[in-house]
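Participant: Quick one: structure below, then a few questions.
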Amino acid sequence: MSPDQLVVEFDRALRTILAPARSMRPLPGAALPDAELPAAQRSHVAGLMRVNHCGEICAQALYQGQALTSRDPTIRDALRSAADEETEHLAWTERRISELGGRKSFLNPLWYLGSLSLGLVAGALGDKWSLGFLAETERQVEAHLNGHLRSLPEDDSRSRAIVDQMRLDEIQHAETAVRYGAAELPSPAKVAMKVMAKVMTGVAYRF
């Protein structure tokens, strides 16, 4: 990697972790009325959205690592395009956390570094395995978001609109990875990913 590329990637990391994210698409549910939630429910929803925001931090780092090690320019461009959509998810979840009076995870820098490392390793294994890891990640995120939709209050239409649009985007990302030749990961790898995700979501919900 050239010094210029190193600066660009470092700037990308800093902006992801520290700078307010921006979205080219409208915020889902922005025109809907905000629900009058009891304090306990607001805290719960803020925790769920913090987990989702943390997940998008991880997605940015994962895509960055995979793009850096991809051998195929077409796949690299697809990863960058998906990362742009994940940036929109960052903006949406950040906005909703603020509306709920919540805060982002204190551990975002650690989540970012860990996910960047995973992305670099996945990419180094070759594009088909890197894409397989990406596809499985997105499938597990979809399942996670389905769980959040079941957990969110029925009248919290704003949060539900954000989570549902994120879910649709993640489905599309998984389908894109498969279209570009993603390999099916072995079952032990899928189980390990689920365990790691469960630890991350549990910690991010609280911290």
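Backbone N, Cα and C atoms are what each Cβ position is placed from, and that goes for glycine too.
Annotated Fe cation 1 binding site per Swiss-Prot: Glu56, Glu86, His89, Glu170, in sequence order. Residues or ranges marked as Fe cation 2 binding site in Swiss-Prot: Glu86, Glu138, Glu170, His173.
Quick one: where do these features end up spatially?
Facilitator: Counting only same-chain residues at least 6 apart in sequence, those with a Cβ under 8 Å from the Cβ of His89 (Fe cation 1 binding site) are Asn52, Glu56, Ala59, Met166, Asp169.
Counting Cβ atoms from all protein chains shown, Glu170 (Fe cation 1 binding site) has 25 others lying within 10 Å of its own Cβ.
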Participant: Around Glu56 (Fe cation 1 binding site), how many other CB atoms lie within 10 A of its CB?
Facilitator: 23
Participant: Express the distance between the Cα positions of His173 (Fe cation 2 binding site) and Glu86 (Fe cation 1 binding site) as a whole number of Å.
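Facilitator: About 10 Å separates the two Cα atoms.
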Participant: So around the Fe cation 1 site, Glu56, Glu86, His89, Glu170 aside, which residues have their CB within 8 A of the centroid of those CB atoms?
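Facilitator: Other same-chain residues with Cβ inside the cutoff are Asn52, Gly55, Ala59, Glu85, Glu88, Leu90, Val141, Met166, Asp169.
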